Amino acid sequence: MRRFTVPCILRHRISILSGAGYSPAAARLSSLAQTSTPESVLPPITSEILLESIRSSQWHIVEHVADKLTPSLVSTTLLSLVKTPNLAFNFVNHIDLYRLDFQTQCLAIAVISKLSSPKPVTQLLKEVVTSRKNSIRNLFDELVLAHDRLETKSTILFDLLVRCCCQLRMVDEAIECFYLMKEKGFYPKTETCNHILTLLSRLNRIENAWVFYADMYRMEIKSNVYTFNIMINVLCKEGKLKKAKGFLGIMEVFGIKPTIVTYNTLVQGFSLRGRIEGARLIISEMKSKGFQPDMQTYNPILSWMCNEGRASEVLREMKEIGLVPDSVSYNILIRGCSNNGDLEMAFAYRDEMVKQGMVPTFYTYNTLIHGLFMENKIEAAEILIREIREKGIVLDSVTYNILINGYCQHGDAKKAFALHDEMMTDGIQPTQFTYTSLIYVLCRKNKTREADELFEKVVGKGMKPDLVMMNTLMDGHCAIGNMDRAFSLLKEMDMMSINPDDVTYNCLMRGLCGEGKFEEARELMGEMKRRGIKPDHISYNTLISGYSKKGDTKHAFMVRDEMLSLGFNPTLLTYNALLKGLSKNQEGELAEELLREMKSEGIVPNDSSFCSVIEAMSNLDAKKSDS
């Protein structure tokens with residue numbers, strides 16, 4: 001309820017007593033609204049009195065009688081306000097609409113949809129949709145009934161319902177509404193369809209995007225430049241760059257001129273695939289069409305070239321056409337330098353960014369912190385964190401996760417758990433990544449019991465573990481030979497519909513080989529194949545290493561041959577494992593032969609390789625001396 005001052009109360013009374021359409025009942029109601037006690041008896045509330053109160057902005061009266069309003073009275077009042085939807089919206093704001101029945105709520109939404117601004121009705125729709133009390137189909141059907149009561153031809157209400165679902169990232173519900181509109185003969189606007197296509201693209205539901213786009217075409221809903229831009233982006237995501245560029249010709253056929261966004265989308269698509277020359281050709285074409293490249297054009301190219309260590313080429317090109325790096329450019333440069341281990345240059349770009357008047361973002365700091373941890377510069381990372389805190393910047397979930405993971409990777413469980421407690425205190429909820437890092441550090445310290453307890457706690461809170469978390473915990477148990485628990489986790493994964501991958505099976509195979517159960521490990525590879533999971537070079541190296549440690553070089557070489565037949569190239573680990581097996585069996589000549597093969601394949605032997613060969617030869621010499 002709003003509070004009113006004495007002058008405000010007087011104004012309300014005067015406006016009713018002196019205004020047009022004076023009603024004694026309304027005047028008495030206004031007086032009672034200001035002076036009533038729990039025992040006061042209100043006069044009957046009629047539609048006439050309620051409408052007078054609304055039209056004269058006597059909202060204190062509306063608020064006073066709100067809990068006495070029946071759905072029927074509210075509906076009648078709303079229908080009387082169809083031509084003044086702004087008053088209908090104010091009326092709804094002064095009563096508890098959600099105390100009323102679903103039918104009345106939908107009627108209110110339908111009336112308010114006649115406002116020129118879509119924001120009020122969109123907000124109401126979001127509240128109804130997120131309440132989850134009714135299905136989208138029920139909501140749609142009730143809105144159709146409300147729409148029919150208003151006797152209006154406009155179908156904007158249903159377009160807004162679709163857009164509302166898209167804003168809530170409820171893409172399946174948005175698509176359902178689209179087809180319900182089709183059933184009713186309501187044709188969605190192109191902009192509404194673009195909302196669905198955009199969301200499908202963002203969610204990487206590429207196949208669904210093409211099906212929906214085809215249905216748009218069949219329904220003769222015209223595409224505009226935004227539609228084409230979205231579909232060009234979809235093609236770029238698929239890696240179909242030639243087809244994406246071909247859409248420029250299709251746009252011309254439909255008389256739609258590309259915009260700078262069209263060209264920038266293509267440049268980004270080519271750049272993400274490392275097709276820099278193709279991206280440059282598109283830039284040349286856009287220039288010929290009168291478009292000047294901007295930072296959105298060059299930043300994707302800069303990003304790829306940064307990874308290649310060729311950022312200076314792009315910066316020089318940008319400078320030549322008068323483009324100045326923006327905050328996105330600097331963050332790209334900082335990330336590139338950090339990933340390449342050049343932290344000095346990364347911080348130099350940060351300083352240059354500040355000199356140019358740009359404020360470093362969370363992304364900037366998170367990139368630098370991650371880079372410092374990757375280079376084992378823990379103290380420098382802690383200094384940077386203090387700097388961030390001194391600036392009054394509150395750490396976000398990404399920063400906490402980077403820090404926790406950094407400490408976990410370096411085995412500092414104490415600091416990692418302290419940060420976990422701190423983020424909880426700050427009201428930031430830990431994620432799957434947070435708990436995976438903590439489980440990792442516990443397993444690394446052979447504290448698998450504590451890791452299991454943390455895992456059970458996480459699951460108990462309702463968080464569904466992901467594949468990485470399961471693999472991390474499983475690897476911890478495999479490392480200490482606790483294979484019963486490891487296989488029980490595999491069963492839990494099946495129960496939770498978490499599909500294992502090659503990493504899962506490699507962990508189990510490594511654990512079995514560590515226990516000397518080589519045949520079981522081999523059988524596990526068979527199971528892996530039956531489940532449609534392709535073994536990788538790690539799978540084969542694990543078996544080769546296991547057999548070699550046992551001295552079973554026959555089976556080790558058989559696995560190596562199978563590995564070669566499937567197109568996997570032996571690695572340094574493969575050869576070193578085989579050399580250890582030959583050394584164990586005192587097969588010096590074969591070891592020398594394998595060393596020569598290794599060199600011919602372009603694999604440089606390391607100390608371990610030479611030690612195994614020397615040991616094998618020494619054993620062979622000793623064997624010859626004994627004979």
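Cβ atoms are placed via backbone N, Cα and C, with glycine included.
In Swiss-Prot this protein carries:
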TRANSIT   1-29  transit peptide
REPEAT    154-188  repeat 'PPR 1'
REPEAT    189-223  repeat 'PPR 2'
REPEAT    224-258  repeat 'PPR 3'
REPEAT    259-293  repeat 'PPR 4'
REPEAT    294-324  repeat 'PPR 5'
REPEAT    361-395  repeat 'PPR 7'
REPEAT    396-430  repeat 'PPR 8'
REPEAT    431-465  repeat 'PPR 9'
REPEAT    466-500  repeat 'PPR 10'
REPEAT    501-535  repeat 'PPR 11'
REPEAT    536-570  repeat 'PPR 12'
REPEAT    571-605  repeat 'PPR 13'
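The residues of the repeat 'PPR 10' (466-500), classed with DSSP into helix (H, G, I), strand (E, B) and coil, number 26 helix, 0 strand, 9 coil. DSSP places the residues of the repeat 'PPR 3' (224-258) in helix, strand and coil in these numbers: 27 helix, 0 strand, 8 coil.
Regional average pLDDT for the repeat 'PPR 10' (466-500) in the model is 95.
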